[in-house]
Amino acid sequence: MAQSKTLAHFEPVNLYEFEALAKLKLPKMVYDYYSSGADDQYTLADNIEAFKRLRLVPRVLVDISAQDISTTILGVPSSFPLVIAPTAMQRMAHPDGECATARAAAKNGVIMTLSSWSTTSIEQVAKAAPGAPRWFQLYVYKDRDVTAKLVRRAEKAGYLAIALTVDTPRLGRREADIHNKFSLPSHLTMANFVEEGDAEKSHMEQGAGSGLAAYVASLIDRSLSWKDIAWLKSITRLPILVKGVVTRADAEIAVRNGVAGIIVSNHGARQLDTSLATIDCLEEVVAGAQGKVPVFVDSGVRRGTDIVKSLALGAQAVQIGRGVLWGLAVGGEEGVDRVLKLLRDEFELALGLCGCRSVKDIRREMVVRTTSEGKRPLSNGPMMNGWASNNHARL
């Protein structure tokens with residue numbers, strides 16, 4: 001594949017540089033939609049800052065001449081502990097959209113999650129990367145027949161799991177979208193509804209405010225509750241993950257309702273502003289899961305070190321959305337491929353520098369929490385106690 005003009009001119013070496021380039025390329029309405037959070041965007045900033053408050057504690061003189069960073073996610077091999085999170089309307093970023101992302105995911109040996117609100121259909125994405133592992137993210141519509149058809153199509157097309165979004169009975173107030181009067185560009189559609197001939201669901205009306213907010217208010221089911229997990233399980237054999245859990249109590253309920261996994265997420269800070277950063281919720285949710293189901297985390301992951309920290313706090317893998325969008329905007333499939341390789345290389349390096357040969361070597365005591373000024377508290381609970389006791393034994 002010929003190298004894109006943008007990547008040939010300037011080679012970004014981290015996700016922040018990819019975002020800067022994407023901002024230059026994308027229309028303002030599109031960049032703002034992808035990048036913004038709800039209200040004052042406190043949680044948007046804190047999702048990233050919270051990772052910075054966590055510091056790594058490396059061990060030395062460990063033979064890392066042979067490293068294995070692979071893992072298994074719901075029985076599927078993965079080249080490293082990362083799943084591509086669902087992000088809507090990817091053809092706004094690049095004409096190849098979700099197909100480019102699917103091909104890059106397959107090339108890098110990671111699972112891709114397709115959004116209900118994709119601009120490429122369930123079947124077309126499956127054909128773009130035959131045999132590659134994919135999950136399908138689900139919004140529940142007021143018309144349950146519509147929802148059931150989406151699930152059955154995903155199962156028929158070979159998707160391996162359903163990631164049910166549970167934090168969006170209403171859309172968060174995203175002020176950038178209100179200012180921009182956001183709507184899906186007229187040459188694009190919500191592709192999963194086109195074949196049904198349902199213009200109400202496949203198109204988005206432009207109005208006085210956010211077209212997406214109006215879409216959600218009119219079509220998405222606000223009555224969704226825990227009892228609907230049983231309904232969803234009754235219409236599919238696919239495992240169900242719940243995306244949007246941030247408390248121990250909800251994790252415990254999720255396990256009782258037979259979910260196959262939990263995704264700790266605040267929707268990229270796009271729903272409830274001033275909610276906690278997801279990395280600060282992770283251990284509580286892991287405790288609620290009681291080791292019965294795997295726990296994943298998204299929102300704020302920008303570096304390979306963030307993946308190490310997430311696994312040390314109990315996640316089986318991270319999910320990443322915006323970084324993939326920035327790669328897609330900058331260079332299509334090649335850009336997404338580059339983003340995934342960057343994260344993989346950063347993760348492998350960080351793991352080795354922490355003294356780990358494999359994912360199995362990651363331990364809780366490898367991470368300590370600091371204050372916002374970067375200072376370690378005098379007492380850090382079980383985290384520091386574990387580190388101190390382990391090292392005292394070595395002295």
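Note that Cβ sites are derived from N, Cα and C of the backbone, with glycine treated the same way.
What TrEMBL annotates here:
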ACT_SITE  His267  active site, proton acceptor
BINDING   Tyr33, Tyr139, Arg174, His267, Arg270  glyoxylate binding site
BINDING   86-88, Ser115, Gln137, Thr165, Lys243, Ser265, 298-302, 321-322  FMN binding site
DOMAIN    7-372  domain 'FMN hydroxy acid dehydrogenase'
REGION    373-395  region 'Disordered'
Looking only at Tyr33, Tyr139, Arg174, His267, Arg270, which the record lists for glyoxylate, tell me the maximum pairwise CA distance in angstrom.
19
Local Cβ density at Asp298 (FMN binding site) - other Cβ atoms counted within 10 Å
28
Cα-Cα separation of Asp298 (FMN binding site) and Tyr139 (glyoxylate binding site), in Å?
18
Radius 10 Å, atoms counted are CB only; among the recorded positions Tyr139, Lys243, His267, Arg322, which position scores highest?
Lys243
Of all the binding-site residues here, Arg174, Arg270, Arg302, which one's CB has the most other CB atoms within 10 A?
Arg174
Over the domain 'FMN hydroxy acid dehydrogenase' (7-372), what is the model's mean pLDDT?
94
Rounding to whole Å, the Cα atoms of Tyr33 (glyoxylate binding site) and Arg302 (FMN binding site) are apart by 19
